[in-house]
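One structure is given below, encoded as structure tokens.
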Amino acid sequence: MYGNDFEELAKKIKILPGVGKKQSEKILHFLLDAPIDDINTFIEELYNLKKNFQHCRQCNFVSRNRLCSICLDDQRENKILVVENSDIVAKFENSGEYKGRYFVLGDFNIKNLSALDDKINQLKIMANNDSELILGISSTLDGLIVTSYITKHEVVANLKISQLATGIPFGANIDYLDKITLQQALKNRRETEK
């Protein structure tokens, strides 16, 4: 109806988390109706945001600096919560329940689990022998495979490893859980079998 350029841009908008076909078209219509100055300001602010943020060299959380404020906080507990993305870190921080550090895995491909080895080695450098690793990876099939791979990896064999409680339903994405569910998941975590 609108042409290929509309359809192609709608597909690109659809890559955003939680945005489906109808939402992407609605967003695109909103942008088409917006004044060009507003669009230019939006693009410039988005560009500046991307340019001014980086990933923490220690934990991979988004930060304005080489090390994030969480990694620089020496009052944090000796626990490392391993999560999939920075948005999940923000959710746990907002829950107020967790006082340890984080490690953001980023994108992973279960067809190439050995690609996770670099991340696991980075995680081991961050941890010390007294650290507890808490695996806070979504309980999807891919997440369970990655959790198992990390748990059995020789690099972290000497660390205490637990995972979030199974109160989080199978197939749930941690990104969409509420504050109370996150608090309960942390309180009821269990040690994983090696």
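Using N, Cα and C of the backbone, Cβ positions are placed for all residues, glycine too.
Keep in mind that TrEMBL annotations are predicted by a computer and have not been checked by a curator.
TrEMBL tags one of the stretches 56-71, 88-103, 168-183 as zinc finger, and that stretch is 56-71.
When DSSP labels each residue, the domain 'Toprim' (78-169) comes out as 42 helix, 17 strand, 33 coil, counted as helix, strand and coil in that order.
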